[in-house]
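If you look up Swiss-Prot, you'll see G149, L150, G151, V215 marked as NADP(+) binding site.
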Amino acid sequence: MSFDGKQLAHEILLTYKNRDWSQVKLVILQTNNDVSSDAFIRQKMNACNTLGAQSELIKYHESVTEKELLEKIQQLNTDPEVTGIILQLPVYPHLKQNKLLKAIDPYKDVDYLTGNCPLPIRSCVVEAVLILKEHFHHDFTNKQIVVVGLGVTGGGPIFHYLKETGHQVVGCDKHTPNTMELIKTADVVITAIGKPHFFKTTNFKPGVILYDVGVSRNVLNKLCGDIDPNGIEKVAKWWSPTPGGVGPFTVLAIMKNLWVLYEAHQRRI
């Protein structure tokens with residue numbers, strides 16, 4: 001079973017419109033020339049527009065210095081009109097990604113990439129998977145779960161969340177020698193390696209549940225997931241396509257987190 005994630009996420013997003021978003025503001029800092037990032041940013045800004053929230057994109061040239069960015073982040077941290085800050089990844093190679101992320105005020109870290117926000121929010125990719133899990137009634141109890149790819153914006157947060165919540169989960173990266181063997185016996189596979197159609201139908205057991213978090217472009221510059229969709233419906237009980245699968249729900253999660261940050265800010269005024 002597959003589904004239209006874009007439509008479903010939009011329907012859920014519309015249920016948030018009963019709140020007053022007029023004083024909510026999201027600022028996105030872009031320090032890359034990545035086409036996929038451009039698409040993700042548009043989705044986030046469109047979601048803000050749908051709900052009536054404010055959004056601002058600040059795009060930097062490759063000549064930007066780390067000092068300039070840190071000063072800008074500090075300015076946004078202290079601006080009472082800014083609710084949430086996103087540093088769109090990846091960053092230019094000469095910039096220290098972790099240093100920039102750590103500079104963001106935890107109370108404005110809408111992506112939860114610092115992991116330091118004391119408010120009840122989660123990493124957007126984790127929240128996206130959990131929204132889908134709940135909506136489609138996927139029970140992970142006593143299931144063998146394999147997460148492939150442990151990057152900071154993809155499989156890493158998902159793996160750590162599942163491990164911390166007591167699930168039977170194994171994390172695989174490029175150093176794992178038996179990844180394919182683990183996948184073949186897994187009940188749930190979550191892929192986040194960013195390689196177009198890397199996994200085939202033959203890699204999975206019948207009845208598997210597949211969350212495809214990876215995003216990349218093939219030789220034709222077409223947006224793809226990690227899992228080849230050709231024939232996958234014959235093996236998988238359920239799978240999320242790319243594009244239009246997990247991605248729209250990460251945007252939904254950002255808006256969900258943004259509202260929590262806004263409410264917390266209002267309480268502190």
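Note that Cβ sites are derived from N, Cα and C of the backbone, with glycine treated the same way.
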Check your understanding: Cβ-Cβ under 8 Å from G151 (NADP(+) binding site), same chain, 6 or more residues apart: which ones?
Key -> A192, G194
Practice item. Give the number of CB atoms, excluding that of G149 (NADP(+) binding site) itself, located within 10 Å of its CB. Key: 24
Revision key, fill the gap. When each of the binding-site residues L150, V215 is scored by other CB atoms within 10 A, the minimum falls on L150
Practice item. Please report the DSSP secondary structure of L150 (NADP(+) binding site), reduced to three states. Key: coil
Review point. When you look at G149, L150, G151, V215, which the record names as binding NADP(+), what is the longest CA to CA distance in angstrom?
Key: 14
